[in-house]
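J.: If you scroll down you'll find the structure; I have some questions about it.
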């Protein structure tokens, strides 16, 4: 049996075009699901990060140090709260964009393509800015700052700092996935 295919006026086979569109849509949905999972995990890891340790505090040089239980939580630092919120927003947006991609079934208009492209671009900006903010605070906690007499806290709160570092790294990976989605969206524009 011969394989029959319909050709357009310019000679491109329609079946081949349908297969390419289907595989592109599959790649796009896979990348969006990956972005959804990454942002959800990043927000959760940082959101539940909490560690309590007993810290010796020396009030007067002649007296022994006073042991005080101190807790490190992401909600105590605005940059970490921003990172959690940015990941939650990106996660919600990704869920909506997955539904749009699935429902549209490849028949997306130019306006819808542009809206998704702009949304993806906004997520890149949001996630990159939150990565920078949380990363800066994380580095301050890990290395301290001699100029303003801020001491390292990751020596005491190691588990908390490691969770924050993992969350920041996952957020950075999610922003790269969104950047790849922007490129994919731009290639689809007529």
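Every residue number used here counts from 1 along the chain in the order it is shown.
Including glycine, each Cβ sits where the backbone N, Cα and C put it.
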J.: Between the candidate ranges 8-28, 29-49, where does Swiss-Prot place the transmembrane segment annotation?
T.: 29-49
J.: Labelled transmembrane segment by Swiss-Prot, one stretch among 63-83, 84-104. Can you tell me which?
T.: 84-104
J.: Hey, in Swiss-Prot are residue 142 and residue 185 both on the same membrane side?
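T.: They are annotated on opposite sides of the bilayer.
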J.: Select from 112-132, 133-153 the stretch of residues annotated by Swiss-Prot as transmembrane segment.
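T.: The range carrying the transmembrane segment annotation in Swiss-Prot is 112-132.
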J.: So what's near the transmembrane segment (29-49) in sequence-distant terms, Cβ-Cβ under 8 Å and 6+ beyond its ends?
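T.: Non-local partners: 72-74, 80, 83-84, 87-88, 90-91, 94-95, 97-98, 101-102, 123, 127, 134, 160, 163-164, 166-168, 170-171, 173-174, 177-178, 180-181, 184.
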